[in-house]
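Okay, structure first, notes after.
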Amino acid sequence: MSEWLTKTLTLNTGAKVPIVGLGVFVSRDPVEQAKATSWVLTALQAGYRHIDTAWIYGTEKPVGEAIKASGIPREELFVTTKLPWNHTKRVQWSIDQSLKNAGLDYFDLYLVHWPHSVAYDENESRPRNPDGQIKLDETGNFNDTWAEMEKVLASGKVKAIGLSNFSVKTMEELFKTAKVMPAMLQVEMHPYLAQNELLAYCKEKGITVTAYAPTGYATVREDPTVGEIASHYGATPTQVILSWHVGRGVVVVPKSADAGRQKENCQILNLSEADVQIINGLERNQRICNKPDEFGNVSGWSMERLGWM
């Protein structure tokens with residue numbers, strides 16, 4: 001087992017979060033979602049102790065099944081899930097659904113998945129308007145949602161609460177009413193989208209950052225500069241990129257259903273300062289996972305409204 005699977009960062013709650021975790025995002029196909037049980041179990045058997053899921057991924061149940069099958073004591077695991085954007089008016093109900101799905105008594109971390117709210121439809125988590133855009137619910141706001149998240153925290157059903165896809169702009173608005181400081185912010189982050197200002201802001205506030213899509217997919221992994229550095233270390237581009245994140249004090253949750261790549265992803269390198277600076281130079285503010293659509297929006301909100309400009 002890689003030593004990096006036991007390395008942790010300390011949240012502002014005092015809890016320890018493994019710095020390398022497993023992301024459990026899959027397609028909307030129920031068959032693919034069900035398959036996650038086997039590869040999450042493979043990761044747990046390889047030593048992973050941090051699992052990142054979400055209600056909207058449809059993988060809370062497979063994650064719970066894998067945890068049960070692993071026989072690993074619950075207290076040795078760190079499990080994250082997320083409040084979906086269509087449940088922002090029913091937060092207490094939603095956390096109960098997530099716990100039921102996973103068969104768990106609590107989650108270690110519960111994130112507000114997006115700053116905006118989507119209209120509730122029990123049969124469709126991504127309802128659309130006639131023009132094809134996401135159907136938003138503008139009758140509430142994330143300040144109200146956070147107040148409900150604080151109640152979930154007080155209930156003991158989760159050990160910490162945090163945010164996903166928020167920006168400095170949206171967090172500043174949230175902090176006008178928040179009583180509890182978020183323990184975590186999860187955002188898209190990779191060498192093409194280093195989010196330097198956001199990372200510095202979070203460190204100043206004591207908020208730990210997790211990178212999703214941390215390798216930047218093939219777009220970044222196949223960058224010649226990354227390839228050259230990988231060759232120098234006798235490593236893979238993925239290992240170089242994940243090592244760059246860890247060196248910045250950022251948690252990573254790469255997704256892989258392949259046992260070999262799961263092991264590869266936790267082999268963290270000690271990059272030289274010169275190589276770190278070279279990777280830093282790849283920054284181009286390029287979103288790869290969640291980029292603007294033909295309307296210039298990301299899931300219904302403009303880049304300006306998200307604070308992603």
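The backbone N, Cα and C atoms fix where each Cβ goes, and this holds for glycine too.
Automatic prediction, not curation, is the source of TrEMBL annotations.
Database features (TrEMBL):
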| type | residues | note |
| --- | --- | --- |
| DOMAIN | 29-282 | domain 'NADP-dependent oxidoreductase' |
| ACT_SITE | Y57 | active site, proton donor |
| SITE | K82 | site 'Lowers pKa of active site Tyr' |
| BINDING | H113 | substrate binding site |
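Here Y57 (active site, proton donor) is positioned 9 angstrom away from K82 (site 'Lowers pKa of active site Tyr'), judged by their C-alpha atoms.
Looking only at other Cβ atoms within 10 Å, the busiest spot among the recorded positions K82, H113 turns out to be K82.
Sequence-distant neighbours of Y57 (active site, proton donor) (same chain, 6+ residues apart, CB-CB distance under 8 A): V24, F25, V26, Q33.
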